[in-house]
Amino acid sequence: MASGVEVLRFQLPGHEAATLRNMNQLRAEERFCDVTIVADSLKFRGHKVILAACSPFLRDQFLLNPSSELQVSLMHSARIVADLLLSCYTGALEFAVRDIVNYLTAASYLQMEHVVEKCRNALSQFIEPKIGLKEDGVSEASLVSSISATKSLLPPARTPKPAPKPPPPPPLPPPLLRPVKLEFPLDEDLELKAEEEDEDEDEDVSDICIVKVESALEVAHRLKPPGGLGGGLGIGGSVGGHLGELAQSSVPPSTVAPPQGVVKACYSLSEDAEGEGLLLIPGGRASVGATSGLVEAAAVAMAARGAGGSLGAGGSRGPLPGGFSGGNPLKNIKCTKCPEVFQGVEKLVFHMRAQHFIFMCPRCGKQFNHSSNLNRHMNVHRGVKSHSCGICGKCFTQKSTLHDHLNLHSGARPYRCSYCDVRFAHKPAIRRHLKEQHGKTTAENVLEASVAEINVLIR
């Protein structure tokens, strides 16, 4: 642009408000309306661009469903939905105080954060009312009647002490946050939890393939961290600390280690995803006592996990099978899954892998019944996110987590509690609900649903 060109700039005051008024007038006359929102008996004709700009939920719905009619399932009256949709055009919302929780929940469902924030601020006035209300001429009876509408939903409000400045409103109590919090959890926070809970739902095919055999000395040298044996196997303070302790208390260097070896195994279901694990088997010798102790410690750790011990984040170790304390690696040990007895923990570990199909994660010590579960678990440690959302572009490690994430875009809640008929968009959410509220498992929930269906058919 030439430097001598003069530019005129006009700011049109009130343009946004005038445009919305004109759009609302066109909506009332049903002109240029390109979508109909259906909720029970309500049929709201409007414009996609206006509704999508005010509600990310509706925006995602329009992207997934390009038709001219959209069904919205809300557990509220059609009047509440109509008021919220109309506020997209008018910028105003008016309702009775007793309905504030219903409007807050419905606005949270539609992801209308500006309405949610206003409802929270208004609700905080009833949680801790200010003393100045009575001094301004508001009678005590009217104040009590205003608070009684929400008394059944709120905890008892504490009496504030007189002060020149009223205290800031407290955060919203848990009972009011629960509907919002349960429906929109963070996907990345649930990813590792969902991976752990879904590990037993894959196919029963075992596809282990041994690709390399190394001696115990080679493996110990490759896995040994710079600071010593305390962080063995890359487990960092949890399993690694226990392996380091066992390695230090192992046989002296002059002692000849028992026959043993280490197999590095590769587990994979596809070319672009694979996992690694360690398997101890008889055969081969290690000439260094510390190396022998490390391998024995890994075997003890695997045996402890097989006996019900925990080598996860808690770092606790369960009792070893057959009362094995780690002092004598050649002591007879009984398998916890069958009546067989073995001399030496390394033979027990080999037996458990060969006969009982137990796979172990070399990063955290978690054990799996199938290599596919280990393969999927290892992707979490690697940070591999090969499943992406086609709507917002967010990536996930697990395919099941992506499916749950898509439920937020579509508004679907496919997971239903058979005990209280509450629905959830995320599988980990219903698992947590069943455990905390009913003390049940997912299998018991499915069984309860089947029993209820049978009862309906019989009647």
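In case you wondered, yes, glycine gets a Cβ from its N, Cα and C as well.
Residues annotated as compositional bias 'Pro residues' in Swiss-Prot: 157-177. For 33-97, the entry in Swiss-Prot reads domain 'BTB', with the evidence type sequence analysis. What Swiss-Prot records for T19 is phosphothreonine. The region 'Disordered' feature in Swiss-Prot is assigned to 153-179. The annotation zinc finger is assigned in Swiss-Prot to 333-356, 359-381, 387-409, 415-438.
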Residues in the zinc finger (387-409) grouped by DSSP into helix, strand and remaining coil: 11 helix, 4 strand, 8 coil
Per DSSP, three-state class assigned to the residue listed as 'phosphothreonine': helix
Same chain, 6+ residues apart, C-beta under 8 Å of the C-beta of T19 (phosphothreonine), given in sequence order: none
Composition by DSSP (helix, strand, coil) of residues within the zinc finger (415-438): 12 helix, 4 strand, 8 coil
